[in-house]
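For reference, the structure discussed in these notes is given below.
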Amino acid sequence: MKELSVNHLLGIKYINKNDIDLIFETADHFKEVINRPIKKVPSLRDITIANIFFENSTRTKLSFELAQKRLSADVISFSAAQSSVKKGETLIDTVNNILSMKVDMVVMRHSNPGAAYFLSKNVKASIVNAGDGAHEHPTQALLDSYSIREKLGDVGGKKVVIVGDILHSRVALSNIYALQMQGAEVKVCGPKTLIPRHIESLGVTVEPNLRKALEWCDVANMLRVQNERMDVNFFPSTREYAQQYGLDKTLLDSLNKEIVIMHPGPINRGVEITSDVADSQQSVILNQVENGVAIRMAVIYLLASKIQ
Amino acid sequence: MTQKVLLNSKEVNIILHRLACQLIEKHLDFKDTILVGIQPRGTFLAERLKEMLENEYQTPEIQLGYLDITFFRDDFRRTDKPLEANKTKINFIVENKKVIFIDDVLFTGRSIRAALTAIQSFGRPSEIELLVLIDRRFSRNLPIQPDYRGRQVDAINGEKVKVNWKENDDEDGVYLITN
């Protein structure tokens, strides 16, 4: 009988390969569940989950909520914009107030790296990190790997390039950890200003040329340029970025093999990826969204089974 | 640990033939009837019966599904061991069909309670029946009884009834295990 080695999902670096395998196996079962005529199971009917989003989110928040509801958990959702956080309440106070309403699990997104870790040390509830600043976004990395596994059979031995704004991306960091843990080879590609210094120490190589990177890889994960996190100009213009690091159909078709195209969303169509690539046969972007629900159901189910 | 043989492979085979005949008596050509094996161990019995009905009793092809009840169990977070799921494979809608649940051992009845809920995800059957190889009577927690039973067994709570299938355990047989 298997269970997760952790009580919280704070980041990929806190879990191990066995945990990832268990999450994937469980997600396989939930993927079957969400394709039934009635897509709901009663497992978590005595569990209450709070979704606390201090940062904007559409996909992740909806996906978590749907996953929780498919498991029959009671769900309360909270966005910082409409809350007392604006009145100056601290993070611990906000969360403890929510927990005194008898909440068992907290799914949190926060703009500060380490916020989920901090919370896990200070409040009594199972914590799921739904993104903390530019640090980690573990469920996204899990669903990305799961989608690769689904499309190519296995993650081990595959070559994955992460293209774009690596500097501001929590998706990139979680993906690097998750892919390497499963035995994939990872390169990053993007303008020098958007690649963090010393990223090689994570065991990845930097490839400044998009065409070379694409010719090398089996999977290309195209990240969004996070304009909202850029306080200075990291590249001369969006047009120049699109010309050098944007993936269009001409470039994709000129490669000597078929690669898998991924994107964590939301897409800036015409910047990092053009519409015809995003909607092409090689793109698994919408599969990623579907798998996101199954993966989050698995994570929540496995963590909930450890709540005393 | 002591192990007592309750049924040997010959006896299992005789019982399977009787169960198959009882099914035909009630369902004739199985036009609107579906067999559902309860995961993990009811599937062997379900497959065996389907094969027997089709090959030895010339019934037309019977639809067979596997139902996993893990996410519908009532002991989630109440057991020390984490619950491990199995594959559900039901590639048809059970709306207005006669469903026969098939499991190896009926003990507390809680698995069947979970199965009754789980099957609703695939539609509203017109009727649900239960077939088990071993009925451990006097052990029920819920008001659930089988419609077809292979053998009734009186076993106390500390004892375990183990059904072996040659597809999985190299031989057919039923054992009573006492710790």
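The backbone N, Cα and C atoms fix where each Cβ goes, glycine too.
TrEMBL: automatically predicted annotations, no manual curation.
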If TrEMBL gives A:Arg59, A:Thr60, A:His137, A:Gln140, A:Gly265, A:Pro266 as binding carbamoyl phosphate, which of A:Arg109, A:Arg229, A:Arg239 does it give for that site as well? A:Arg109
Using DSSP and collapsing to three states, where does A:Thr60 (carbamoyl phosphate binding site) fall: helix, strand or coil? helix
Let me know the most crowded of the binding-site residues, choosing from A:Gly265, A:Pro266 and counting other Cβ atoms within 10 Å. A:Gly265
Between A:Arg170 (L-aspartate binding site) and A:His137 (carbamoyl phosphate binding site), find the distance joining the two CA atoms and give it rounded to the nearest Å. 6
Model confidence over the domain 'Aspartate/ornithine carbamoyltransferase Asp/Orn-binding' (A:157-302), as mean pLDDT, sits at 92
In the domain 'Aspartate/ornithine carbamoyltransferase carbamoyl-P binding' (A:8-150), how many residues does DSSP assign to helix, to strand and to coil? 69 helix, 27 strand, 47 coil
